[in-house]
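Please read the structure below before turning to the comments.
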Amino acid sequence: MMMMMKVKFWKVSSWRRAGDVTQPPGVVVAGVVRWKYARGIATAALARGEGVAKQAIGSFAAGTRVEGTKKSLSESIKHYARCYYELSKVRLSLLVVTTAGVGFVMGSGEVVDWVGLCWTTIGTMLAAASANAFNQIMEVTTDAQMKRTMRRPLPSGRMGMSHAVAFAVTMGVSGVTLLAWKANTITAELGAANVLLYTLVYTPLKQMHPINTWVGAVVGAIPPLMGWAAAAGQIDAGSWVLAAGLYFWQIPHFMSLAFLCRDDYAAGRYKMLSLSDATGHRTALTAFRNCIYLLPLGFLAHQMDITSGYFGVESLLLGACFGATAASFYFQPSSQTARKLFFASLLYLPVFMTAMICHRIPSPIQKNKELLEKSQQGLQVTQIGGESPLPIRDSIERKKPYYGGHVPVRPPIAFLSAAPFPFLPPPDDRTSLL
């Protein structure tokens, strides 16, 4: 028996060593069964793995969709934020807001209403953004022809026209409403008038006549009046000094810019003085002449009692340096001298306004209002305490603004108490204060 088993094992081993594919019947059947069993296990494992793989792929796809949605939303926000930024001309609008803020401070009394200043600057910013957006809406065709402006949202197709109009209207209505609510009607009317002047007068004139530069200077001179009116509640003589400074400053600023960008302006068919001035002397002379107009403003501000005398000297020296760059542009008209004048204008304005604030004298109208409010508060206190309010009233001197100083208000018959009528008793000034 043992011999037979050994012989069979030898035969099977010899067949395997010889590489014969013909297996013994029992071995072949066992192999087929084992192969089918292994294939079943592999198929089950594959099916199970395919389900897991599908589940993983589904989870990955869902996560990708969520991530893609978040990414597309963030990209849309960045896209429109950039479009709004360019449509509003934020840097130019910030300059407008700064001049309005300076006007607010100059028109204030001893104490500046910082909350009112914030509301005024926000409303001015919204109105300026509206005006700039309407400007680009009306000039979309010409902007597409100029290298300096062809990448703006409308000519580049990054924003639709209806979207831009909705933005401009929203900003304009919000800004004027905010100024009327938080400041006063004078400030709101000035803001609305400035938006209309910039949109309906200045923008069309750019393609009609070179006088558009002077109209644009008027637009730039209104924001200081808005700030002053928001603080003082009215526009008085002192406010026009700052407005005049803004007006005369803009002429050399824009003349130098128009000379540097004359090729672009020609492509956009704008009517600028620099395009009809081949030599550049007329453009430079216009800039130099308005620099001269800036020289006496500091002394005028001191004469009107809105700044100290130091501002007159500082303004004179600053205007002389500014005028020197304009004179250089006149004697040698070139892109280099025009660029020097342009950068000098960017330096002049912030220094001028800073010096004016540093040497400011509080508005006499606001001071009188503050004194009157304090006196009314004191009157209420003394009335509650049962004492006579007349001594407190006597300590307040009523004044009215009169350029170089203040004159006390006296009753009409006060002169009768002086010579040659010494026999008449002096009138009781307290009755005029009640």
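Easy rule for this one: first residue shown is 1, then count along the chain.
Backbone N, Cα and C atoms are what each Cβ position is placed from, and that goes for glycine too.
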Range annotated as transmembrane segment - as stated in TrEMBL, picked from 27-48, 159-180: 159-180
Cβ pairs under 8 Å between the transmembrane segment (90-108) and the transmembrane segment (237-261), at least three: yes
Which of 114-138, 212-231, 237-261, 308-329 contacts the transmembrane segment (186-205) most, counting Cβ pairs under 8 Å: 212-231
Chain residues in Cβ proximity to the transmembrane segment (308-329) (below 8 Å; excluding those fewer than six residues from its ends, i.e. six or more beyond): 252, 256, 280, 284, 287-288, 291-292, 294-295, 297-299, 301-302, 337-338, 340-341, 344-345, 348, 351-352, 355-356, 358-359, 361
